[in-house]
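Reading through the structure tokens given below for one structure.
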Amino acid sequence: MLTYLGYFSTSFVIAVIAWPFVSVVLTLPILAGMYHRHHRLRFGAVLAAYLVVLYLLGLAAFTLYPLPDNPQAYCAVHHVTPQPNPLRFIADIRTDRLYGLLQLVMNVVLFIPLGFALARWARWKTWSVVVGGFLVSLAIELSQLTGFWHLYPCAYRQFDVNDLMTNTLGAFLGVVLARLFSRISPPEQIDRDSINASPKLLHRAVTLAIDMFLISVAYFSIGAGAVLLLHSIAAPLPNGDYRLLGLTLGVETFTAVTRVIAGLAFLVFELWIPATHRGQTLGAMFTHMTVETRKRSGNARLVFYALRSVVLYALIQPGFSGSFSEANRVSFAVALVLIIFWLIKRQMPYDLIPGEAGVELESEAGQRL
């Protein structure tokens, strides 16, 4: 037994260690979608989103991991064949008794959370959840049958048609539980047109993450295009520099160009767009919030956006700085100060700029994230 487990030790340890941390990263897009749908989130919803991601990664790890560390050595002594008999579970229960029954039950239980999540939170119809559960199970079984789609020279887990049956049943039971739970606690009805004028810290963070993704896409796309254009129209010199219109362009020139583009992208996404769209960046439009927690005009609004731009640039500037380590330290310090400031004041420093107080869009907004 220990020899068999030795084939899998390294990949299993890596999966267990990475599991909760990868789940945190993958939860962010889900939170963005939830903010888009619900505009605000309770702590329970955030926790549920994280647990769903944790479950899905756990499902993949449980059914596909551990992977053999030495595929050739494993395949040389193990030959796993598929199990296509849909009634095989009867013989397994007769032979293995309690163990066979527990294995069957656990395969059902394994997919109940999937059915519940799709029915309750994704709001899929019953037939869609059942088909979805079957397809997820089929993908897992085919991955096992093909040695993780031929990344491994042999099947290292058994394809079992009984798993397809029990997993699909589990997804259906998850739907039943979701429907019963919805009778006890009906899904919240949200005004789709409302805009959150008092976003909490997590809401702001998710929105900024969306904006940063968009800024990065624009920055890298335009920056790469500008550098390629300079390469194509400038004459190369023996020392690695380029000559264009009588000017010598070195590496520092290309670096400066990309930094300018990055700065302009930041100003467009975090200054111009919100200033001309009622305080909404593209990320804020998606998550239904505004960065302007108070009505401001004239110099007050100018100072607000100037201070906000300086603070955000200091927070995200590692991506635009040549000294990455130093920039990271500054960014970490700014993030720490902002979090402490939020915990004390429940707002950002730039929110202190005087203006007409904003109005909470929902009475329980203070209880939400």
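Here the Cβ of each residue, glycine as well, is placed from N, Cα and C on the backbone.
Bear in mind that TrEMBL entries carry predicted annotations, made automatically and left uncurated.
TrEMBL has this to say about the protein:
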DOMAIN    53-181  domain 'VanZ-like'
TRANSMEM  12-31  transmembrane segment
TRANSMEM  43-65  transmembrane segment
TRANSMEM  98-119  transmembrane segment
TRANSMEM  126-152  transmembrane segment
TRANSMEM  164-181  transmembrane segment
TRANSMEM  201-234  transmembrane segment
TRANSMEM  254-273  transmembrane segment
TRANSMEM  302-321  transmembrane segment
TRANSMEM  327-344  transmembrane segment
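The list of residues near the transmembrane segment (302-321) in space but at least 6 beyond its ends in sequence, with Cβ under 8 angstroms from a Cβ of it, reads 208, 212, 216, 219, 259, 262-263, 266-267, 270-271, 274-275, 291-292, 296, 327-328, 330-331, 334-335, 338, 348-350, 353, 355.
Summarised by DSSP class, the composition of the domain 'VanZ-like' (53-181) is 96 helix, 2 strand, 31 coil. Note: the stretches the transmembrane segment (98-119) and the transmembrane segment (201-234) are not in contact (fewer than 3 CB pairs below 8 A, sequence gap of 6 or more). The average pLDDT for the domain 'VanZ-like' (53-181) in the predicted structure is 86. The list of residues near the transmembrane segment (201-234) in space but at least 6 beyond its ends in sequence, with Cβ under 8 angstroms from a Cβ of it, reads 28, 31-32, 35, 40-41, 46, 242-244, 249, 254, 257-258, 261-262, 265-266, 268-270, 281-284, 286-287, 289, 291, 312, 316, 319, 339, 342, 348, 369.
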